[in-house]
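These features come from Swiss-Prot:
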- 61: active site, phosphoserine intermediate (ACT_SITE)
- 11, 61, 427, 428: Mn(2+) 2 binding site (BINDING)
- 118, 147, 148, 178, 184, 248, 249, 250, 251, 320: substrate binding site (BINDING)
- 386, 390, 445: Mn(2+) 1 binding site (BINDING)
């Protein structure tokens, strides 16, 4: 069976038997049609307990790539935090107790929705309650979502938060869309707007809930809400404590850097803050206390390949680069021996419906070069189905799928020419359900299964009831390497 192998992750493309508002079904996709006819294929589970999330919880890119790259189900921070709240362990956390003892005033910052991708509203409320009951003066800073949940669901979430704050005696201080507060692509002008809001220098309003409704009236949805503050909020003081409740790291790193880093040079800052506490490890370079330390994941797919002396290439465009490197490698930043990484910049557009092909063709070229060079293993992510799917633009998402299909055709032709095996799958769904029955836009991930295709010598059938955690062992089997005991079985 021994063959070199390409693993292609088509982000956000899932299987939905309903063809209505299904951008995958609506797209012209000759490469996929060929795959369905000629290559062994099946469906994989990408949500809930199959990827270490609560039952019924949609999967996401971080969880999906970690599951694929580690070859096992890792119980995610969302599940760990839920358990810590249920059994009252969170309030006993030593780092939390230290911060609350040191700082009279405490600010809670995070994405406020039940999307479960970056955060959970229940975690936000639990933290507000712990801090308020401890006697601290508490300020809530809600970031509106509209991406992992529907675009105007924020009104109900923020109404809920406002009432919760009033009942607890907590200040509801600021409101801002994730487009600004949670940028991850070094668009510092966006983060600066939110930083200034936290300092009390933003647009002042008497009622943040009414401000949100007014934004809707002006066709601005949750993701894009401009930073605003309650008129009574006077801003953060340098001695205040700041707690970040997002458990996913990639969209909080820039904000933490702005608030805390002494070496930050992107724009002038009036204040920097020392008393920060993050829900999880956002970046090893931040020497900050955390509530939930990361679990050590050993014997990942990338590690096994590296230890065997084989070469590997990891490539994606900016939006998904962290997923094929940090998350795929089990939450480790360091480059492994014989590992090459190729980052393709994502296009500089406001939203990706403006350029649905994104940088897919450049990513495709990087893969073909890797095959021609003879890399033993290549992992690539095509971001289009997910990132354009998040915009809610159906026609643009059809074009996104068609761009991915074109790239698949080119890669598979190149793979065949150089005798490479390939596995194609997705980390989760998105573009296959763009509206609900009532015609409301769906911009979030789905809980649908995803396709998997395996073309390798000796493989004629894929086992039933498999998941993302079965892919790593499959790659090792193709490469003829020993499968570590920590990994789940192969797909075939």
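Residue 1 is the first one shown; counting continues down the chain.
Using N, Cα and C of the backbone, Cβ positions are placed for all residues, glycine too.
The shown structure was predicted, so the numbers you read here are calculated from the model rather than taken from an experiment.
What Swiss-Prot annotates, mapped onto the structure for a quick look.
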residue: 11; record: Mn(2+) 2 binding site; Cβ contacts under 8 Å, 6 or more apart: 61, 320, 323, 381, 382, 383, 384, 385, 386, 387, 426, 427, 428, 430
residue: 148; record: substrate binding site; Cβ contacts under 8 Å, 6 or more apart: 58, 60, 113, 115, 116, 117, 118, 444, 445
residue: 184; record: substrate binding site; Cβ contacts under 8 Å, 6 or more apart: 250, 251, 253, 254, 322
residue: 249; record: substrate binding site; Cβ contacts under 8 Å, 6 or more apart: 280, 281, 282, 283
residue: 390; record: Mn(2+) 1 binding site; Cβ contacts under 8 Å, 6 or more apart: 12, 147, 352, 430, 443, 444
Those binding-site residues listed as 118, 251, and which of them has the most Cβ atoms within 10 Å of its own Cβ: 118
Count of other CB atoms lying within 10 Å of the CB belonging to residue 445 (Mn(2+) 1 binding site): 30
Least buried by Cβ count (within 10 Å) of the binding-site residues 386, 427: 386
Conformational class of residue 428 (Mn(2+) 2 binding site) under the three-state DSSP mapping: coil
Listed in sequence order, residues not in 386, 390, 445 with Cβ within 8 Å of the centre of the Mn(2+) 1 site Cβ atoms: 11, 12, 61, 147, 148, 385, 387, 389, 428, 430, 431, 443, 444
Non-site residues, in chain order, whose CB comes within 8 A of the mean position of the CB atoms of 11, 61, 427, 428 at Mn(2+) 2: 9, 12, 46, 59, 60, 64, 65, 320, 323, 381, 386, 426, 430, 445
Residue 118 (substrate binding site) - helix vs strand vs coil (DSSP): coil
Conformational class of residue 386 (Mn(2+) 1 binding site) under the three-state DSSP mapping: helix
Three-class DSSP secondary structure - residue 445 (Mn(2+) 1 binding site): coil
Other C-beta atoms that fall within 10 angstroms of the C-beta of residue 428 (Mn(2+) 2 binding site): 28
